[in-house]
């Protein structure tokens, strides 16, 4: 079964994220558990936790259908010791918040070398950061997102994801989230079913589907291989509809959150309905 949703706002309280997801007929959702552009946040109150869990129960969202995202400020591969420590502390806090909320996944961008250390050193720092966070938490899987490769961001090659996983001690609590826009911008073609087959055959060989814990379904304003991260609505960008239809009809993408981060929230309900219909199309055929 496919879990299909969007990254919804948690404004006014975390419970509202589940309510907003239900309003667009989503069977999955993503959210920030705190302000994504601030380092610190007030601890979660018992009331906030209880209200969130109650809303998820009311609208039938289990932890397998929810893909929280951490703060954009965190850089787990930071070249400077003090800044790395700050990022690690913030990441542990994000993991602990998920733990408190009964969530089992935390999606994050791996990190950037800022032109100050080698890719290999940065990837090793990211893996070490994950190990530290896993040691201090329970039950939450660290889900590494592939990137478009803007600036000095790592994670734009499947080999980067594999190298990070290789350095993580507890393989049962690490996974990846593949963002289609990021992959396309990083040079993984998705414009035809044949290209999708090739890209995900590479993914299976280099990383492995057992590590796929979520996806971000985004078309791309950015051009192929441009290393520029610019999302678009499904079918309106340079990837086109075929990739998303192909994903919907492949059972390797079952049982994980498939999350829209497309640019027009007003049509998320339509995009979700369209994605759901592609599954039915296969079933009828």
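Count begins at 1; order follows the chain as displayed.
Placed from the backbone N, Cα and C atoms, the Cβ positions cover glycine too.
Per Swiss-Prot, Zn(2+) 1 binding site is recorded for 69, 109, 145, and the stated evidence type is sequence analysis. If you take the C-beta of residue 145 (Zn(2+) 1 binding site) and look for same-chain residues 6 or more apart in sequence within under 8 angstroms, you find 107, 108, 109, 110, 155, 176, 177, 178, 179, 182, 216.
The Cβ neighbour count for residue 261 (Zn(2+) 2 binding site), using a 10 Å radius over every protein chain in view, is 17. Under the heading Zn(2+) 2 binding site, Swiss-Prot lists 145, 179, 216, 261.
The Zn(2+) 3 binding site feature in Swiss-Prot is assigned to 182, 229, 231. Counting Cβ atoms from all protein chains shown, residue 182 (Zn(2+) 3 binding site) has 27 others lying within 10 Å of its own Cβ.
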Cα-Cα distance linking residue 69 (Zn(2+) 1 binding site) and residue 231 (Zn(2+) 3 binding site), given in Å to the nearest integer:
17
Sparsest-packed of the listed binding-site residues (179, 229) - C-beta count within 10 angstroms:
229
